[in-house]
Amino acid sequence: MTTLRLLISDSYDPWFNLAVEEYIFRQMPATQRVLFLWRNADTVVIGRAQNPWKECNTRRMEEDNVRLARRSSGGGAVFHDLGNTCFTFMAGKPEYDKTISTHIVLAALNSLGVMADASGRNDLVVKTPDGDRKVSGSAYRETKDRGFHHGTLLLNADLSRLANYLNPDKKKLAAKGITSVRSRVANLTELLPGITHEQVCQAVTEAFFAHYGERIDAEVISPDKTPDLPNFTETFARQSSWEWNFGQAPAFSHLLDERFTWGGVELHFDVEKGVITRAQAFTDSLNPAPLEALAGRLQGCQYRADKLQETCEALIATFPEQESELRELANWVAGAVR
């Protein structure tokens, strides 16, 4: 009986695809070797321990209908669109070895006519007259008895959009320079004009089969067709939840300040697991009572624009004479945390 499993997703939903990855990883026998091929529509994917409010321009993402998805592996934030082909290799220990999966991807690229090399811990690069250029990045996760290696291959990704949705580390940009970061990335279409997602998936699949000396039929999956995934809805609900994608952020503090015609306002938040654990409000308004009441009500509130706006506007019933000020405050707070 084969120990291989091949899954190909027909869905572009990042929450679905990452939920499938998580489910298969948890449920597979430790003797199984899995290849999962997928791609996401416009999404910022962040590492397991990252803070989306720090890493991402969440307001612009909301305006452009770009999703946020937290993965279960570490590492940094990346932008996915349909110009990326994503792969995940899973295996039980001691067989799990990321050098094997890296070898399979390199063999797939070689079969397409692209000579690439592994560089550092996470990247695959091609040599060009302008120097090495990255065509693939990876991340990894291991538990006691299994591990996975997942990554992307840049086919025809819109590289310019990365800067639209990520808030770069100013120190990192100052050290590397924006042009050097941009220039070291390449799409495979620059090397192989016309290359498609389907061709890349086929090449990776054939390299996977060749390495293990077995062939199996692919399981094509989508939200309407999830073979052998009992109780998958629970995993999907977690992966798509605000509590996972935003609420799993490390604890942080946020200071908001603004001057209105009726007075200056400072709001100090301490946030843990996406919930405000401590709030302080300072103002030189002639009527500070609404702000003082707001600080108490914000404690325990989720750190999300709609909830903060609702909490601010709920004060109107108590302070109807300050309705215009409170609506102005509510709109400002909601906009500041988007």
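Yeah, the Cβs are placed from backbone N, Cα and C, and that goes for glycine too.
What you are looking at is a predicted structure, and each value in this text was computed from that prediction instead of being measured.
Taken from Swiss-Prot, the feature ATP binding site applies to Arg71, Gly76, Ala77, Val78, Phe79, Lys134, supported by sequence analysis. Per Swiss-Prot, (R)-lipoate binding site is recorded for Lys134. Per Swiss-Prot, domain 'BPL/LPL catalytic' is recorded for 29-216, and the stated evidence type is sequence analysis.
Of all the Cβ atoms in the protein chains shown, 18 others lie within 10 Å of the Cβ of Lys134 (ATP binding site).
Among the residues the record lists as binding ATP, namely Arg71, Gly76, Ala77, Val78, Phe79, Lys134, the two farthest apart have Cα atoms separated by 21 Å.
In the three-state DSSP classification, Phe79 (ATP binding site) falls within a strand. Counting every protein chain shown, 15 other Cβ atoms lie within 10 Å of the Cβ of Gly76 (ATP binding site). The Cβ of Phe79 (ATP binding site) lies under 8 Å from the Cβ of Asp42, Thr43, Val44, Val45, Ala157, Arg161, Leu162, Tyr165, Leu166, each on the same chain and at least six residues away in sequence.
For Ala77 (ATP binding site), the number of other Cβ atoms no farther than 10 Å from its own Cβ, over all displayed protein chains, is 21.
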